[in-house]
Amino acid sequence: MNADLIVYNIGQLVTGRELSLKDGESSMENIEILENGYIAISGNEIMAFGAGEVPSKLVKFTTKLLDAEGCVVTPGLIDSHTHLVHGGSRENEFLDKIQGVPYLDILERGGGILSTVKATREATEDELLDKAKKTLRTMLSLGVTTVESKSGYGLDSEIELKQLKVNERLNHEQEIEIVSTFMGAHAVPKEYENNREEFIKKMLDLLPIIKERKLAEFFDVFCEKGVFTTEESKKMFKEAKKYGLKLRIHADEIENTKGAELAKELHMYSADHLMAISDEGIKALKNSKVIANLLPGTSFSLGKEYAPARKMIDNGVQVALSTDYNPGSCPTENLQLIMQIAALKLKMRPKEILKAVTLNAARSIGREKKIGSIEEGKKADFVIFDAKNIEYILYRFGVNHTKQVFKNGCLVYKK
Ligand code: NIG
Ligand code: FE
């Protein structure tokens, strides 16, 4: 078969394939990095890859050759936790926030998530779509080729469906693949404050419609003190499962509510946040397929504790990293910055960080057979960085290191 494109002279090719563990490595460091690598692409797939000279039989029939000039190439980055689709912004709460007013207090007085709910209800579908597209263009320029996107700023049947509809349209109207999550249980809206049961029922009543119209693949709940209890969450998750939705959870973010344990019990794809995870929670995740999806941009932005990443990794938990991009707790779509915070604050090592935004992020959204590593037959999603080694990308923080981004074999961003 002929290749359409060969990228050669790759200084470090992070294939992201898992290797057998070497002495002294954590269970997150076992990813393959090839020195002086190449990748061959046919159509939208990886056809071959390797280290050293590109085999001459490959070169002979190739349409295009691209010299990576000794730079780093990684699989396309995956942002596996975002609240992409929303109206407005919340800089009006910023001063309170930096002066120490707690996140849950702002929510309690009708601000926080509820103020974004208001702005999202007021926005038209097209306005939400345009705003999300703009964010996705920035994400793409940062090397992100797949994004999970949650609803949860409607908290009303029609508006939740409007957000999910935007997810669907985004999949057809721009390059990044969107993985849609229904999160009607993101907060209890004011009008249901004294009738939580009714609100939960209303959100669960959307499940057959979502299933029929294929509007979401995942179901998520904000299981948190003052938001949804562990019992309420469990009930909702069980219902969502009946409609074929896969599960993920906002767990142990501010207070410990045994969210990690619930994730294991219900075989979820990921448990996200985990700043307040307990030792029992870590033990539960260790013996499960649940990915611990850490969002250190939220700790950074809220001035809170960071998740105990080192303890989790050293105990064999598989970790992913995401932005949590949203207008409140993490108003940045910059996944490279999150990777840098993970190094500086979570003390994660470069290979661990790379695995967390590629293969493990793919696992957390059930896409590991198609994306997340450079392997024959996988999608040709990859990034050429303006850096000679992966350490440089993490050490030199606050700048975009991307040089070129390819999605499905096509060049979609060039510096
Ligand atoms: O993941 N924790 C709940 N939801 C978001 C924040 C949403 C918001 O503040 O608008 C989060 O941090
Ligand atoms: Fe979130």
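Sequential numbering from 1, following the chain as shown.
Backbone N, Cα and C define each Cβ position, glycine as well.
Note: TrEMBL annotation is automatic and uncurated.
Annotated domain 'Amidohydrolase-related' per TrEMBL: 72-409, in sequence order.
There are 26 other Cβ atoms within 10 Å of the Cβ belonging to HIS83 (Zn(2+) binding site). For HIS81, HIS83, HIS250, ASP324, the entry in TrEMBL reads Zn(2+) binding site.
The Cβ of ASP324 (Zn(2+) binding site) lies under 8 Å from the Cβ of HIS81, THR82, HIS83, ASP272, HIS273, LEU295, GLY297, THR298, CYS330, each of which sits 6+ residues away along the same chain. Mapped onto three states, the DSSP output places ASP324 (Zn(2+) binding site) in coil. Residues or ranges marked as Fe(3+) binding site by TrEMBL: HIS81, HIS83, HIS250, ASP324.
Remark: ARG90 (4-imidazolone-5-propanoate binding site) has GLY111, GLY112, SER115, THR116, PRO327, GLY328, PRO331 as non-local neighbours, by Cβ distance under 8 Å and separation of at least 6 in sequence. Positions annotated as 4-imidazolone-5-propanoate binding site by TrEMBL: ARG90, TYR153, HIS186, GLU253, SER329.
The number of other Cβ atoms within 10 Å of the Cβ belonging to HIS186 (4-imidazolone-5-propanoate binding site), over all protein chains shown, comes to 27. Annotation: HIS186 are the binding-site residues among TYR153, HIS186, SER329 whose CA atoms are within 10 angstroms of the CA of HIS250 (Zn(2+) binding site).
Confidence annotation: the domain 'Amidohydrolase-related' (72-409) carries a mean pLDDT of 97 in the model. Compute the center of the Cβ atoms of HIS81, HIS83, HIS250, ASP324, which mark the site for Zn(2+); besides them, the chain residues with Cβ within 8 Å of that center are THR82, LYS150, ASP220, ASP272, HIS273, LEU295, THR298, SER322, TYR325, ASN326, CYS330.
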